Each structure stands twice: as C-alpha cells, then as structure tokens.
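Novice: Submitted below is the structure of interest, expressed as structure tokens.
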Number of protein chains: 2
Amino acid sequence: MTRIDIPEGSPFGLDNLPYGVFSTPGTPPRVGVRVGDAVVDLARALGDEVFARPSLNAFMAQGHRRWAEVRERIAELVRGDLPDDAVHPVGGVRLHLPFEVGDYVDFYASEHHAANLGRLFRPGSPPLMPNWKHLPVGYHGRAGTVVVSGTDIVRPCGQRKAPGDPAPAFGPSRRLDIEAELGFVIGTGSALGEPVPCEEFAERVFGVVLVNDWSARDIQSWEYVPLGPFLGKSFATSISPWVVPLLALEAARVSTPPQDPVPLPYLRESAPWGLDIELTVAWNGQVVSRPPYREMYWSPAQMLAHMTVNGASTRTGDLFASGTISGPGPDQRGSFIELTWGGKEPIEVNGEPRTFLEDGDEVVISATAPGAGGGRIGFGEVRGRILPARCPAS
Amino acid sequence: MTRIDIPEGSPFGLDNLPYGVFSTPGTPPRVGVRVGDAVVDLARALGDEVFARPSLNAFMAQGHRRWAEVRERIAELVRGDLPDDAVHPVGGVRLHLPFEVGDYVDFYASEHHAANLGRLFRPGSPPLMPNWKHLPVGYHGRAGTVVVSGTDIVRPCGQRKAPGDPAPAFGPSRRLDIEAELGFVIGTGSALGEPVPCEEFAERVFGVVLVNDWSARDIQSWEYVPLGPFLGKSFATSISPWVVPLLALEAARVSTPPQDPVPLPYLRESAPWGLDIELTVAWNGQVVSRPPYREMYWSPAQMLAHMTVNGASTRTGDLFASGTISGPGPDQRGSFIELTWGGKEPIEVNGEPRTFLEDGDEVVISATAPGAGGGRIGFGEVRGRILPARCPAS
C-alpha cells in the first residue's frame, strides 16, 4: 500500500483534485486524478469502470451530484493508503486529451482584448463594436483540432495579403500568435430548445482547462470578413491535460467588473461567476505576461446562457473558451499582437527583440487560483512548441 | 424471398443507391440503402456487422475502395432475390440522422448569394468582399444541432436591433429564413498537418446530403460583427436522411463557372468537381425557387483543399456545406431574404404575400441530378416545420 505525500504548498492539494486521462507504458489511457506529484488511477482506487475509459465524458455525463460525491470519496481515499498499482508518479505517465470535444466555441469576453484588437484591426473606428457590451460575442471553432498540451504546433500555411499588396500570396504564416484563455467543459448537456439559465452554470459545467488558441494573424486578417475567423485559428487549439473541477473554484469566485448597460434579463446573474484566476505566459522560459481572469467583462455563466438562449443544445464534452484574457496593464495582455502592438513594438525575450512566434519557440501558459485551504491551487500548464511549416507545393 | 420492383423512372434506381440509417418498430437503428420505394437492411443483406450500427461512420471510415466494392455488391444483390426480413417499404421505417457529425463547416460559395447578401447587409459598399474571389470563405457552425429532416424547428429567441433602435430587444426572431445548400460528408479523415489536395476529393468524401441551414436574420445581423454568425444559425441545421454516394454523381460532374482571377495553385483542380444538381424549394407546398448547383463559383474539392491547407485535420463524419445556392435568376435564389429582397418585396405563396417564415410554415428542399442510366437520380428531401418560440422569461 502507498500513502501519497503531498508537498507543503503544493498546487495539487486536496482542495484541487483535477481530473485527467493518463497512460503508463503498455496500458491503455484511463482517468486519473492529480494529488501532489502523483496520479491516482481512479478505476483501481474506486473500482468503478466509468474511470477505465480513455476520456472523462462518461463520468462527466453522470451529473453534478455524482461529481460532488466522487470528489469527497477521493479526498477521503487519498488521506489513507492506496493500493500500490493505483498510484503513479506524474513524471512517469503520459497525459492525453482529457475529454472528447463536442462543439468548441470561443468567446471574446475581455473588454481590454476586444478594444486592443479593435484598435489594431480597425484603426480610426470605435474600438468596441456596438454589440459588444450587449452580448458575449462568440463563434464556433474547430473541435477536431483541439490537442493536448505538449503537442507540437506546425506553423500553418495559408493566404495572406497586407493592405498594400495587389493580390494575396501563399506561404507560411508570418504572424503566428497565441491567445491565453480559460476553457469551460460541459459535463451535463441540455436538450434542443432548452436554454440554460445563468443559475444552472454549476450543474452543467464540470470544470476548467487552460487554452492556448493559436492564431495566425495574417491569415485571419485576410479571411475573416464577413464570416469570422476560420483557417487563422483552425490548425490547432491546445488545452491543459488537467480539468480543474468547478467545485475547486468556490474560493476564486468574484463579481465581474461593473456591466454598463445592465444586460438583458437572460444575462443577469443571481450569484457571481467571475473568477480570480491568475495566468502566466512564458515565452521560451521568460514570463512575458500575467493575464488576470478577474478582469473579464462577461462571466462564463453568461457565456453559457447566451450560447443556449436560441435553443441550441449542448453535449457532454462541449468546450467553450473565454477568448483572450487581457487586463488593463501592458504586461497583462494575453496575446503577442497586443503585447507588441501589432508587431510594431517588439518586446525583449531572453535579450532579443521579438514580435511573433519563430520556429522552435515554446510557449507555456499556467495559472493559479485561491483554494479552499487558504493556499493556491494550480491548473498545471498548456505547452506548445512551433515546428516549421510544411506548405503544399505552390 | 423478395425481389424489389423499381418503378420506371424512379429517382432511386441502381445508379443512385443512397445510404441512410433507419429503424422499424421495436428494432434499433441500422444502416439501409434506398432502392425504389424500399429500404434494404444492409446488415441482413450483406451479413456485415459494420451496417448494424446506428450511423454510417464505421462504414465510411473503411475508405473509398470499400465504398466502391459495397456499391457493386448491392447493385448485384438487389437485382436478385433478397431475404424477406432485409426489405422494408420506405413508408414503414423511421429515418434517423445518417451519421455522427464531427465538425460542421459552412461555406459561402455562390457568387450570386454572396453578392445579394452584400447588397442587402452592406448597401453602398462593393457587394463582394476583396477576399471572396481568392478563397472559398467559410466558417464553423454547430455540429451538435445538425438534425435530420422532419425534425420540427422551434423559432429561436435572441437579441435583435434594427439600425434605428436605441438598444437591442429580446424576443422571438422575426426574420426566420432558410438556406438551401448541399453538404459534403467526409468518409476518410486526414491527419493534423496534412493538407488534402483537390485531387483527393473523391477518396475523402463519401457522399452528399441536402442541407437547410435555418437562419435568424435579425439575430445574425446584430451579432455577426466581427466574429461571424453564431446564434443566428446555431439553433438548428437540417439535413436529408439519404447520403447520395459521390460515386453516383459521376454523370453530374461539370466545370465550375470561369474563375477569375485564376486561383492560387492549391485551389486549382485537375478534374472538374462542379455538380449539375437542381434543387427545388417548396414553401407550404408551393415551389418558390429552383437553385442550380452548377452555378456555384467554388467547387467542393476546392472547399476541402482550402479547409485543410492550414494543416487542419478532418474526421469521418465531418460535414462541410456549400453555403446558400443561388443562381442568377430571381427564381433561383436559395434563401427568402434574397427571394423577397430583405423582406421588402414579398412573394406570393398560396395566394398570400409572404416574406419570412411564420409559425406552422413548412419548407421542403429536394434535388435531382443526372444519373449514370440516362435518367435522374434523387436526393430525397430535407423537410422542416416551424414551431412557435419558447423564449425564457425576460
């Protein structure tokens, strides 16, 4: 039998208990929970076959009462001794995509980000569009290209055209960027024709992941009118392997910044779902930004209410992301296009002036939040490295 | 034993053989093929368990050689006698969603449609955006709300704001519309980082369905800037229950209209994939439009090449649709916003002036194409009826 020794101040204490899918050499992927520097094999520890599957979907579909029960049971179990074969050092496991993604929606919920992008993409016009403070603007992304942290990112090829060019050229993106976001994972779906009110957020949403929504700005700016981003985003979206349960984020709940005008009734919250989560963006090992999630204008409960108010159904595994998290400070911006002001104001990374991503670059986004125990809980990280483009002959 | 009697001139002769998923009372959904007015139970007729599943996905994933083999085998079998329990009259079966939808992408490939919408949404500006003739514009839609023909469509609720209104109002859409489209179903997926050239279209795409991409124009026009359509589309997209194999459409292949400027190399076709398919749109039983697919500017092979040129992967069951099919004639427009010019020029339907959809209205889109036998093959239909809105309290 094994007892897990949780290091003092670990971001993976009993007030966190994030879920993931892991494998060890020669065994199939299955559900685990992270405790300190260990991964607990839940099928072995709890003897429940729902955890023997290669995704969290079946467990998430069991609903919020079950999520709470299992969380209590795990906290109890890991205080005692566990069978040796139920505990693995985190360094010895491979982490997989933790859930099968249904639909992927990306919002645009940071006022600072939307205003920065407005200034950069539409100079001379008001930074926010007229609809922005009335609804959480969002769009569907490509679910099939959501990948787990650690997956290499091949630089995308595509059409790009600067305003002065006579015609578009084809080639590798020259303005490859990141977007530091949080993603919310639907546990219990909702039927077609049944809007999900803000009040049902915690019943529906199982947990939270870190998201890096890689963005090819040159491809995006040429293609996106009038139907929105497409190939500039769809080549890859990375998520962290650990899904932090919403139940672990009670101590992180805060009010959103004041919303003016007052939102329409379907977007009004009776309890706050702003979240005091601090992100960190590291570019080749150097921290270049600390985006604060508490500054987000729209809460994730409002995003979910909006996404379903037209009767759209949701499914277990649907992922909706916040959009880039940017705070008011210049060192709180969640994308390089903002940090370098469209590439015109390079920042120094390891002593060199940098604007967009170069081949070989690595970006790591991590985050922490206040935990129930008075310390901070961790989200782990979402990591990705840029490989050279492999463009088709042209 | 039973021999299927195919009526003279049937659109479901041996040169068609579309696949679907059906059930009979008390039996689970499984794969069938339509022959004349009968549905052949393929698991029984061929003794292959891949057809005993409730979707076409497993069969589609077997690849294009297998699709051709099975098609030949079916044509052989249905010329002879089949076991009684392998043949059902089509009127006695229930038809289901024929495949599990991976990602859903909607293009915008009709020049006439894009120009009409440009004139309506952006009066005073050039009707086509600068990018339109350089790339097939597209965006991701909601895969989880793709429904099979016959599913009732609940009128969506949402925010809408006419240009003169001081603030948005919330309520049922007042400008509920259709979009008559074709949808292309990926059979064999492609890996991340591997663009699919135009030449691989027939290896990758299993077949074609009819699509009605229901659209709430008032919700759409308020929300869509800058990230594209979202709730104005995501409440429902209807598809026909029969997937017409691409192999049945050889006689329908035509060149697209001339493309000027010449597309970039990755968008050039070595063999034409325009399709001479005639659609019919019936509103409460009256034919109001006959959109011609042969007028589409971009071919579906070009759409697939574009969708993957950035390295985006595809999966079995991915659906990409053409966008609204509109021809040059006023009676060839595939949406009501075009047919009624933004609602300003009502058309007469059963003796009444009509603009957008009212509760209780029913729309049926059908199509035919030249078949290998010299006659015409049918796509069946995609049908939907509008039910009153069920807005949340506001």
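Yeah, the Cβs are placed from backbone N, Cα and C, and that goes for glycine too.
Automatic, uncurated: that is what TrEMBL annotation is.
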Novice: Of the candidates B:Asp81, B:Asp84, B:Asp152, B:Asp213, which one does TrEMBL list alongside B:Asp106, B:Glu179, B:Glu181 as binding Ca(2+)?
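Specialist: For the Ca(2+) site that includes B:Asp106, B:Glu179, B:Glu181, TrEMBL also lists B:Asp213.
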Novice: Since TrEMBL lists B:Tyr108, B:Arg122, B:Gln220, B:Tyr224 for substrate, which candidate among B:Thr2, B:Thr324, B:Thr340, B:Thr355 does it give for that site as well?
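Specialist: Between B:Thr2, B:Thr324, B:Thr340, B:Thr355, TrEMBL records just one in the substrate site with B:Tyr108, B:Arg122, B:Gln220, B:Tyr224, namely B:Thr324.
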Novice: For B:Thr237 (Mg(2+) binding site), just give me the three-state DSSP call.
Specialist: strand
Novice: If you measure from the C-alpha of B:Gln220 (substrate binding site), which of the binding-site residues B:Asp213, B:Lys233, B:Thr237 fall inside 10 Å?
Specialist: B:Lys233
Novice: Using the recorded Ca(2+) site (B:Asp106, B:Glu179, B:Glu181, B:Asp213) as reference, state which further residues of the same chain have their Cβ within 8 Å of the centre of those residues' Cβ atoms, listed in sequence order.
Specialist: B:Ala180, B:Val211, B:Asn212, B:Ser215, B:Lys233, B:Thr237, B:Ala321, B:Ser322, B:Gly323, B:Thr324
Novice: Measure from the Cα of B:Glu179 (Ca(2+) binding site) to the Cα of every one of the binding-site residues B:Arg122, B:Tyr224, B:Thr237, then give the nearest.
Specialist: B:Thr237
Novice: Would you mind listing, in sequence order, any of the recorded positions B:Tyr108, B:His113, B:Tyr224, B:Thr237 that have a CB less than 8 A from a CB of chain A?
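Specialist: Qualifying residues, whose Cβ lies under 8 Å from chain A: B:Tyr108, B:Tyr224.
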Novice: Rounded to a whole number, how many Å is the Cα of B:Tyr224 (substrate binding site) away from the Cα of B:Asp213 (Ca(2+) binding site)?
Specialist: 16
Novice: Could you tell me the mean pLDDT over the domain 'Fumarylacetoacetase-like C-terminal' (B:105-385), as a whole number?
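Specialist: Averaged over the domain 'Fumarylacetoacetase-like C-terminal' (B:105-385), per-residue pLDDT gives 97.
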Novice: Per the record, substrate is bound by B:Tyr108, B:Arg122, B:Gln220, B:Tyr224, B:Thr324: how many Å separate the farthest pair of Cα atoms?
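Specialist: For the residues that bind substrate, the greatest Cα distance is 18 Å.
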Novice: Write down the Cα-Cα distance for B:Asp106 (Ca(2+) binding site) and B:Thr324 (substrate binding site), rounded and given in Å.
Specialist: 9
Novice: Whose Cβ, among the recorded positions B:His113, B:Arg122, has more other Cβ atoms within 10 Å than any of the rest?
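Specialist: Neighbour-count leader: B:His113.
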